[in-house]
Structures are given as C-alpha cells and as structure tokens.
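As structure tokens, the structure follows; a few thoughts come after it.
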Amino acid sequence: MNESKGAVDSGLMSGKTERTTLKLSDKLKLSSSIQQNTKFALNKSITTVEVRKSKKRRDIDNIEQASVVLQNDNVYQSDGDNNTLTIQEQISRMNALQNANIHEKKEEVSDDQTDKKEEVTNAETVGLLPVEENVNTDLVIEEGHSEKVEEVIEESVIEDQPNLEHLDVIEEKNGPNQSGDQNVDNSIVDLLQSKAVEEKKLKKYEKEHEEKKGNPKKGVSNHMYSKHVKLVIEEELEDNNKQIIQTHKTRKNRSVSSIKNKITRKVLIPKKITVQELASNMSERVKDVQNMLFQMGRRDIKPNDFLDSDQAAIIVEAFNHTFKLVNDGKLEDDLYSDGNDKELLPRAPVVTVMGHVDHGKTSLLDAIRESNVADGEFKGITQHIGAYQIILDGDKRITFIDTPGHEAFTAMRACGTNVTDIVVLVVAADDGIMPQTIESINHVKAANVAMIVAVNKIDKHDANLDKITNSLLNHGVVAESLGGDVIVVPVSAKEKINLDQLKSSILLMAELLELKAIYNTRASGVVIESKIDKNCGVVATLIVQKGTLKSGDIIVVGHNSYGKVRNMFNSDGRSQKVAIPSMPVKVLGLNNVPNSGSSFIVVDSEKQARELINYRQELFNASLEENAKSKMDASNILACDVVDELNVILKCDVMGSVEAICYSISKITHEDIKLNVLYKGVGNVTKSDVLLAETSNSIILAFNVKADAQVKELAKQRCVEINHYSVIYDIIDDVKRILSSMLKPLQQEVQVGALAIRKVFSSGNAGSVLGCYVTSGVVKKGSLVKLIRNNTIIHEGKIKVLRRFKDDVKEVSSGFECGILLDYSKEIYPESDIINVLEVIEEVRVIK
C-alpha cells in the first residue's frame, strides 16, 4: 500500500495525467464525448491558466487521506469475510467523502475563477471544468472491500484532476460575457443535483438489498445488483456529457453569429447603385435590404432597381455600416491621367489601309506581310477589320489595320481613322476614284491624320497615274508631283512592284510625325474587333496606345465588358506576355463582347472594374432614354398612322459585322414599313434566338455563323425563318426584297370604256336596269363604273349583270348595245348622264 501511495505522489509531482497504478480505466471510464470535448477545447485554446501550487498540494493531501482509508480497509480485508463492512457503514463513509469533495470543489472553482480573471482580460473565458459525477462506487461489490475503496480513490482523482496543470480558455471575439460566473454556479448546482440523485439510488438499493437479504432468491447474487447499478451510472454519465457538448455548441454558434453581426464595413456609394449591389457591398442579404426599404415606404422594390446615393446612405447607416460617396467620373479621369508625367519613348506607327471595295487593299497587305489573307476572304471581299504588325530591317515595326471597303463598313473605317497615325489610301489604277474612296478621304480629313496614296494595279495596260492624281485634286488631295504634301506611290500587289518604296515612305512619315508614347504606366487603348470563339470564348483585338498591357491585368472595355487577361496572342498567333504601345494583340478573358472602337483601360481590381462599368452603364442607359424620348416626341409630332413592321434578329461572327450590318439596314427606310432589329449579337444561332423569333414574329439573319441540327429542327417546328449569308451584299439585298414583299401594291384606276344611256327600264331598291350603247373600249361584267352628271361623280359601283338581248355575257365591245344592272336606286337622266368604265391596275412597289 505504501508503494501505491508513493506512485501516486510521484505521478502528481511529475504532472502526468494518467495513473496506471490505480487502474482507473478498470472501474470507471470517461465517455468518448467528454474526451472529444476536451480535445476540442485544448486545440482551440488561446491562453493558458496554470493551476496554483497550493491546489496541487491540497489534492495530494486528499489522495493521502484516501490512501489511509485504503490501508484501514485492507486491515478489515485481512481479518476475513466476517469483518466485511455493512452496506450502511459504506453509505455513511461515502457520504462523508462526498461532502468533503463538494466543499473542496467550491474552493477550487472559486480559486480558479480568481486566477482566470487576473490572467485573461477583455476576453470571454470558458474553463474546462471536470465532469462532476458523484458515483457511489461502493455499491459495485464484486470482489471485496479492497476494490470498493479503490474505486472511491479513483473517483476522487477523476473529479479533482490534480495533474491537469493547464486549463485552456477559449477567447471569443465579441468580448467578455457572463459565462464565467455562470459556469461556476452551474457546476456546483450540477454537483449537488448529482449527489441527491445518487443518494436516492443508494437508498433504493439499500431497501432492495434488505429485502433480498430477508428473502433471497436462488441464483441471484450481489454481483448482479452491482452490474445493474454500474449500468445506470454509465447511462447517467453519457446523458450529462451529451448535454454539456450541446451547450458548448450552442454557445459557440451564438458567439460566431454575434461576431458576424458586429462587423462594420466601409461601403462605397456611387451616384446610383442597385439594391443587389448595395447588399453585396455590405455583406447583407438582399431580402433584409428590401425589408428596410419597405419600412421606408419603398414598396415593390426589386433587386435590380436603382437607388440614389441618399437612399443608399440611409440604408448603410441603418445596418450600422459606414459609407463614402464616390464620383465615378473622377475615378475614370484619374485612371486615364495616371502616368502622364512619365517619360515618352518612340513607338511604332499605326497605319490604316483604306479605299474602295475590290481595289486590292488586303492583297497589298498580303504582299507586304508575305501572307495570303485575301484568299481566305469569301469572294475576295474583306468582311472584317484586322490588325497586323510587321518587323522591317533594323528592328523597325509598322502596325497595319485593314478595313473593309464596302459602304456598309463606314463605322469600321471611322474606327480605323480614330486609332491610326497614317492612312494609306489604295486607289485602283484602272477604276480610279470611287464612292468609298471619297468617303475614306473625308474620314482622313475629319481625323486630321497624315495620308499616303498607293495607286495599285499599275501592271495593267489601262493604268493611268496622271488621271488618278488629277482626280484626287478635285477632292482636295494634292500630290507631291503637283506641289502638294501627299506622297503618291505607284504599286502592284500582284507583281510586288514598289513595295519597298511604300514601306520607306511610311517610315519617313513616321519620323516626321515623331510618334512617342508612355510605356511605364497602366495600359489603355482601343478595340479593333471582337467576336466569340467556340473554343476560347470572347476574343477581342486591341491596340495599345499607352502603357504596357500584361497577361493577368484586369481591363474595362466600353460600357459592358471587363475581365482579367487570361492570355494574349500577337498577329502571328503566338502567345504574348506583354504588349507595348502600337502593338495589336488578341485578348482572352472578357465577360462580354465589346463594340468595335470602344476604349479599354487597366484597373487595379475587379471591384474597381465593376464600379467603373456601373458608372459607364449608367451614362449609356441615360443616353438611350434620351434618344428614346426624342424619338417618341418626333412620332407624336408626326402623328403618323400605324405601319407594317419587319422584326429582325441579327447574329454575326464578329462585332464589327454586327455594327456594319445594322448601319446598312438602318438606311433602308420607307414611309409604309418599319424595320426593327430586336436583338443583335455575336455567335451561332441558338434555341433562345429561335424562341425569341417565334414570340416576336421575327426572321433570323445569320451572317457567317451556323445553326446546329437541333436549332434547325426547332426552327422548322416553330416555323421560324433562318437566312444564312456570307457576303454583306447578299444580306442587304435580301432585306430589301423582304421589305418590298411586305409593301402593299399601288392601285391605279384606268378608264377602259364608256357607255351612253339610251333608256332606263326600271329603278328601285334592287337597282337600276339600263339600256346602254358602248361608245368606246370594252365593258366587262363586274367592271368598276362611275356615273357622271355634269362632270360630277354621283355614284361609284360595279356592273352586277351584263346582257345582250336575253343572254348573259362576260364583255361587250365598242359599237354594240347591252343591258346592265347597277346598284343605284335613284333617278337617272339618260340625256345628261354618262357611265365611265374603269379598271384597277396594281403596281408592285420595290425598295431600292
């Protein structure tokens, strides 16, 4: 026994938490839930409270006293079974031990609480209090008094936990609360309640034991009762452990919720912001914001409805957040003015090739680039705008922009002149000055850029260079040969004649212009072309005008598109990490297809990108509303009749084609019919397009895009017309044809005969029966007639019955008599009345 006591003392002094000498696990086990709860608290602990040394010494004294009891019990055991303690003596001893433990526990909890308050400040502390289960293990009588007393010592050690030197404290972010004091009270109350429950169980067991002792049953032993009591005790332990864990989880969830509710955010508020955006910026639910607006009197508010800055500020303050009013216009100005004070460095010239359709612009570029783009164009006509960069000797670079020459691509040519430094005007030597040539000259003058004239196809026998220069003079373009400043270079793209001279002229012009740009700043530039690729998504061709564009930058394009640059490719299709000024690149990563000619700029973050997009979208919507209002006012002034409408859904391969076709068909106007483009977009025809066309009674115009088999089948079922085109000429001509078929023909009345009235046979409600003589032309049954008296039309009608003698006939020629029936019941005067026979001729109208 002394060896056991020494082992206990050494274990306590060394700080170990396990007592293999006392065999705790043999009699009473902590439930798995308590162990998990303890591990959870230890892992999440923030601060550590050391157990006072006085407490450790007191616990050692308690164990020593228990050891003395153990020694005394062993004395009883040595005397034999006749000296075994009675049940009443065991109950009295256990009650005394429990009362002592309760008194000691109160002092320990009070001391621990004092230490916690001194060590942990401004934090909520939750102590890992040992589970108090005053189990009367004396009742587990299996092998004698020695084992019963051993269980008493084991329970005392578990309750007091003398070797637990570190109690972990969970710090909650909401600050201290009243859980510390409450835990102390709850621990004592639980201990007292547990004691009362166990006393009742002991009394019940004592009564049953006395009854069994007085009338014992065969086969029933004390061992069976001990197992029963042990099972009841373990069930009570498990229930209490579950309750403790549930209380801890509830307290944790409540703590996390309160922390979240107390987070204060700084919200940026523009001039206008939607309800959904405001809720997102505050990290609040949209429903909560709607409820707040409902209380303010805003009923039927939707997530996409706009709020002004004043309303948004009130909402932010109501949710205990702070706000800052921002001017997005100033933000955009600051972005574009960033880096203007940095050093300017030379850059490559941007050259736009312009001219009339089929004058050899793309072929000339192919000859310069030594490529073959023209053969890839349908029917040799450029349908898209393209950007390329070539490297000459000495690492000199020239960026070329190829624009379509068809009249429909006016917007593209205007876009080309806005980003260019030099314009190469291509004029065919055999055709001379053409309409799009004149238009290109006007664009150059409006943009105030330098121009070089390239007279192409000089290898033809009918080429006349002097005629070209004189024709240019009529449009204000004076060649150097005539004393002007415009360089005229005769070239042949087919035979590659004078191409080096054209390159040299471009480089010379670039040196005279002293083209420079800032490299070390945020990138900005212009969109040349954009489209949707089935493999890559949105692809936009950009030209950097300022700064350096890098892969990974976040850019804002126009009023509807932004994104992170996932990848860039140069004009040769190679991956590009950076793009410097004057370099054209294809960019992947935008969320929407931007319009050609839209500007782009690099921003710091996606949040800033969304703010800038919202501001630009607000301006764009305001302009649309203004235009719609002006159109409505104009229609009210005209007060025109309702006209027929042709609804169109336009799908193209690139955004430039969309704009060009919209521009072209907008010029097709007629007073009796109206053309509406309900939807325009980039990409293949989809099922949504077909359903929209069915609902709106529209036709689908597909330019250089396809429709898969499922879409075609759906269109056939819904009777939706899908027209495919590859050349812009065809789509414009087809739209004119469709519009012409919708026009009502013009009706014109032509006199084809005349009748002289010889006799009136009868006149009444059924009509008038007249005997007539055909003086001219031919009279047919059902012909339109006019009854004229003194040069005044008194009746218009049709010939119901036409007869010769008694026979019905279809027509009567000039010089013959006939009888007719008119639906006219008033009096007719044969002497003065005449009848003119008319025929209605319809004239089909065609939109040109």
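Yeah, the Cβs are placed from backbone N, Cα and C, and that goes for glycine too.
Cross-referencing 380-384, 395-399, 460-464, 830-834 with Swiss-Prot places the feature region 'G2' at 380-384.
When Swiss-Prot is compared with the stretches 1-20, 21-40, 41-60, the one noted as region 'Disordered' is 1-20. Secondary structure counts, DSSP: the region 'G1' (355-362) has 2 helix, 1 strand, 5 coil. With helix defined as DSSP H, G or I and strand as E or B, the region 'G4' (456-459) counts 0 helix, 1 strand, 3 coil.
The Cβ of Lys361 (GTP binding site) has 28 other Cβ atoms within 10 Å, all protein chains considered.
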